[in-house]
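Enquirer: When I checked TrEMBL for this same protein, it listed these features:
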ACT_SITE  Y174  active site, proton donor/acceptor
ACT_SITE  K202  active site, schiff-base intermediate with substrate
BINDING   V245  pyruvate binding site
Amino acid sequence: MVLSTHLTSPLRPILAALRWAAPRQHRGLSTPSGPRHTIDLGGIFPPLATPFSPTQEVDYAQLEGNLRRYASIPFRGLVVLGSNGEYPYLAPRERLDVVSCVRRALPRDRLLLAGSGCESTHATIELTVSMAEAGADVALVVTPCYYRGAMTSTALVQHYTEVADASPLPVVLYSVPANTGLDLPLEAVLTLARHPNIVGIKDSGGDITRMGLMVHKTRQEDFQVLAGSAGFLMASYALGASGGVCALANVLGAPLCQLDRLCREGHWQEARDLQYRLIEPNAAVTRRFGIPGLKKAMEWFGYYGGPCRAPLAPLSPPQAEELRGIFSANGWL
């Protein structure tokens, strides 16, 4: 039986550990039976940038300031410790402190998704249990990739099944091949979608055909597909995606929520016009300039961006000028 997400805090890690130690009836490729988590992932989730001070310490005061500004935007929830949060550059204690900080500031009706993917299954389970203790509602688990040549469909299904079996939180799969060099295979996704504690996937690959197949072939499951980028958000909605986890929402959160609403209400021409204006800025703060570009753009829209952690370098003045020109050309500045 899947553990409730409403267990009292002290019991979560104990019961999760007991479940992990207990004999498994459905490890590997088999499909477990039992009740599923019911959780609505429909809407926009910004994958929060982690603010750092000039000395590259996590700046919790600035994080709280950004959260106050985001509170007026109708996000479905927030994602912490994703790729845009510089997750690989944070120490274990910092990761938990960031989740706790965001949870304290976030209304209970908004979901908190927290990245807990590690290279080993064991470490992923431990961190997921800790994320539950820190206040996360959902675990976002990226594909392990260091030994990517060995990460076959069988290995990945085994990994995610064991994580989902032991997790006190519902699990969202996370495929981000631009960063990992590994696309979670479609057949693995379809197998994992049947697990009662795996509720969806954030797919950042941008293959619309693949996303459409995920939606189509998981219709009998309580499984939701989230677009991992604002550049193909409207196309994803047209094929039945539930929502989006979009880096650009750190900067243009209100317009992305407007696009979400237009698509849901069937105003496709207005949605198309808005989507066109988001494509170039989105590419600029993801593929073109990455997190340094995202943080620079945040400054122009009233948020704290600040420095990245080394070895990520800040934009050069010509790069910043080019980035600003892209936002201006699309009517955002």
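From the backbone N, Cα and C atoms, a Cβ is placed for every residue, glycine too.
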Enquirer: Tell me which residues of the chain lie with their Cβ under 8 angstroms from that of Y174 (active site, proton donor/acceptor), as long as they are six or more apart in sequence?
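Expert: The list for Y174 (active site, proton donor/acceptor) reads G82, G115, G117, L140, V141, V142, T143, I201, K202, S204, given in order along the sequence.
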Enquirer: Test of understanding: give the count of other CB atoms lying within 10 angstroms of the CB of the residue listed as 'active site, schiff-base intermediate with substrate'.
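Expert: There are 27 of them.
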Enquirer: Using all protein chains in view, find how many other C-beta atoms are within 10 Å of the C-beta of the residue listed as 'pyruvate binding site'.
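Expert: The residue listed as 'pyruvate binding site' is surrounded by 29 other Cβ atoms within 10 Å.
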